[in-house]
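Since the structure comes first, as structure tokens, the remarks are kept for the end.
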Amino acid sequence: MTMESYKTLEIIRKNTDSSVFHLIINRPSHLNALSLDFFIEFPKALSSLDQNPDVSVIILSGAGKHFCSGIDLNSLSSISTQSSSGNDRGRSSEQLRRKIKSMQAAITAIEQCRKPVIAAIHGACIGGGVDLITACDIRYCSEDAFFSIKEVDLAIVADLGTLQRLPSIVGYANAMELALTARRFSGSEAKDLGLVSKVFGSKSELDNGVTTIAEGIGGKSPLAVTGTKAVLLRSREVSVEQGLDYVATWNSAMLISDDLNEAVSAQMMKRKPRFAKL
């Protein structure tokens, strides 16, 4: 399957035998600031990877010195100018709301992607970068990584997902403190808060370590992996009883599969399982 080219992103498959694909924010000269083009291209790229049977896991990273410096200020200014240019304030406000909803949907595309999306963070992860990683399924960073929920310093209420997703990751009080102060915090603090699962010593160690983890996930049953993601996301929004009912329904449809037979056979024969692509 031919990979489409993008202005703001790059898709790389580092090993032709691997089912791990890298989705890279590729605006290093702009510190990977998120432009309007990004919000159009990002969900398209994720959908392409989601539908590609060769893909089992996606690693999201940034080109150059930083993961993401937040929303592109020129794009932010453009949105503000367009929304205030009309004479009818009601219509201008409705237009702005549609733009915000469209940008929100671009971030939520991470959760809507069936395949696991792992964030590999180095350098700055600011504002919109935090929106991105809080939607990811797993997060890792290098020792030089730093984070900031920067929106209040731009007189904005963060509106692309951080305020909705971060409390369930780091706790309500921690999320409130970080969002109101906009303070910079380190990778080690992010680990202590539970925002990232591990801090690697360098970017190269991050790249190698996350790739190894992704390869491990990619070697498991794709039905089990995508199902686990779907059930966890669903369980976040419902009661325990409703979550149990959901997974019972899920497994009643998915459990009896060739993957189950292959996994059991591989365990008994002490060999690596071989699962069909999804």
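Including glycine, each Cβ sits where the backbone N, Cα and C put it.
Remember, predicted model here, so these are calculated numbers, not experimental data.
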Could you look at Gly128, Gly161, Gly171, Gly187 and say which one Swiss-Prot places alongside Ser69, Gly70, Ile71, Asp72, Leu73 in the substrate site?
Gly128
Taking only the Cα atoms, work out how far Gly128 (substrate binding site) lies from Glu151 (site 'Important for catalytic activity'), in Å, as a whole number.
9
Same-chain residues at least 6 apart in sequence with Cβ under 8 Å of the Cβ of Ile71 (substrate binding site), in sequence order, are Ala33, Leu34, Gly127, Gly128
Nearest of the binding-site residues (Ser69, Gly70, Asp72) to Glu151 (site 'Important for catalytic activity'), judged by Cα-Cα distance:
Gly70
Is it possible to get the count of other C-beta atoms within 10 angstroms of the C-beta of Asp72 (substrate binding site)?
22
Whole number in angstrom, please: the longest C-alpha to C-alpha distance across Ser69, Gly70, Ile71, Asp72, Leu73, Gly128 for substrate.
11
